[in-house]
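Visitor: The following block contains the structure, expressed as structure tokens.
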Amino acid sequence: MIEAFRDSLDRIRILITPTQYFAWQTLLLLSIFSWLMAILAEVLDAATLTVNILSTCSWISLTAAIWWALWRNPVRVAGFSISAWITGAVLCLFLFNPWPPERLRWALAAWPLISTAIRALPSFFRWDLEFKRPKPEVQQELVLILLLNLLLTSWILFYFQVQSWFGRYPSLLVNDFDRSAFVYDFSSDFERIPQGVLLLESAADALEQQLNGIPWPRTERWLLNSEAQVADIAREIPRAALYAPEESLFWKLGAPPPIGAAGGYRLNFRAYWRGPVARENGYYLEKSCQLTPQRRTRPAPPSRPSPSGRSPAVPPVEYETTIVQCDTAVPEPQWIDASAVD
Amino acid sequence: MGELEPIFPLKAIVFQGLFLLVAIALEAGLLRQRLYLGFKDSVQYATVINLAATVVGWFAFLLLEPLAPPALEAQIISYVLFDRLTFNSWTTRVGAIVLISGLTAFFVTLLIKLKGLELMMRTAGTWTIPNQPERLSRIQRYARARSGNTDQQQAMGRFSNAVLQANALSFSALLLLLLLRTFAREWS
């Protein structure tokens, strides 16, 4: 074990020890040295500028070392040298250095183009760095490589375009993508929740705020006019209720007329998805709210004592208030059957 | 942009590769016949002009798609993700849009292929059609008056005709493939 380890360590040492001063190993060692210095400067609390300059030097010499090394020992796939694409990847890592998600898009999209530039550059210069026009055959080959890489770039950008659709309309992810001629879904087995759930929750909240504790006759009057009232609730749901508010144009909130149930009424909120879907008629989500009257008593207001000195036994006032109870379960998408459409 | 979903346009890449191979094979054969090119040259030219047209098409899509109004964008999303074009009352308008974009694609592709092929042949030195001379000699003018057009125009006409036929051939083949795919889907 230790023997094998020492053996491979020796091999690496031989590989990176420069045989002459003018070699790629020199650049690699320079890069490592510069990187160590950067770490040292970081530890010693040096100015940010110092650390940046040192790490930039390290990146640049690393890129140059890799380019040089791969130029000496090209990596070939099916007889075609892909060295430029490896160097391009390292250069992209350096150029787009902190890698937040927004930059990842451009870093990945630029990678084929930067690699093409690295691949093409030597054909445009003579050994003494004077500009030259490449030979016609080389020109045609370069055009072909450039076009292939532009195609790669467009595929990468297309991937990010699709991702931006999912960012803006996350409920698209509820569907299966088996029918698509463009994308393949590698994540078929985990659950995604459409945003309509949030819409239903804020509708249920609004209903509770409006009706909870209100005298029952007023609730009954509200229910008589439920269609308009639900439309009001739908209109007043703030756009901020959804974490991707652009999607709200694909949702339509409604409720069929309330049904009598359990001594009260049952109101079913439905959020219909009106956007792109995999199946014929789309789906809806349902959250039902139970409205029940609750009998309450209130002590009668104290009446004036009668002249006899005894107050009469006044029965307490009875009245009914409303209790709103909404389901807490997360609604599942209900796919609308083609035959059941009115 | 939120987190990235593991949904990749792999099918698009496979279909693109297949379509490019079909188009290149057909066009290379036709160009070789009509323009008297060699095997290698014709395949190389067909590859370059088809790749150029594809790339221009992709960039046009990527630039124009974010500008589409929401209703049209919903159609595009529906087609790309679910392979469905029609819902609600959009059917006729979608038909018109598909027709117009298809025609535009055909003519833009034709233009790219004409100019691209000319450029490729000029750099390779296989371009044999002479430039239109600035001033015609007396005899040439008589010749043009008799025959109606010059040699240059005839050669150019042959060239354009070949490219037009190649383009029409590859478009028809791809349309046929798309139709076959639709039918296969319906029957399965």
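Cβ atoms here come from the backbone N, Cα and C positions, even for glycine.
Below are the features listed in TrEMBL for this protein:
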TRANSMEM  A:21-41  transmembrane segment
TRANSMEM  A:47-70  transmembrane segment
TRANSMEM  A:77-97  transmembrane segment
TRANSMEM  A:103-121  transmembrane segment
TRANSMEM  A:142-162  transmembrane segment
REGION    A:291-318  region 'Disordered'
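Could you place the listed features in the three-dimensional structure?
Guide: Long-range contacts of the transmembrane segment (A:142-162) within the same chain, counting only residues at least 6 positions beyond its ends with a Cβ under 8 Å from a Cβ of the stretch, are 105, 108-113, 115-116, 119-120, 123, 134, 182-183.
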Visitor: Report, as numbers and ranges, which residues of the same chain sit near the transmembrane segment (A:47-70): CB under 8 Å and 6 or more residues beyond its ends.
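Guide: Contacts of the transmembrane segment (A:47-70) (Cβ under 8 Å, skipping residues fewer than 6 from its ends): 23-25, 27-28, 30-32, 34-35, 37-38, 41, 83, 86-87, 90-91, 94, 97, 118.
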Visitor: Using a Cβ-Cβ cut-off of under 8 Å, list the residues of the same chain that are 6+ residues beyond the ends of the transmembrane segment (A:21-41) and lie near it.
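Guide: Distant Cβ neighbours of the transmembrane segment (A:21-41) are 15, 50-51, 54-55, 57-59, 61-62, 64-66, 68-69, 72.
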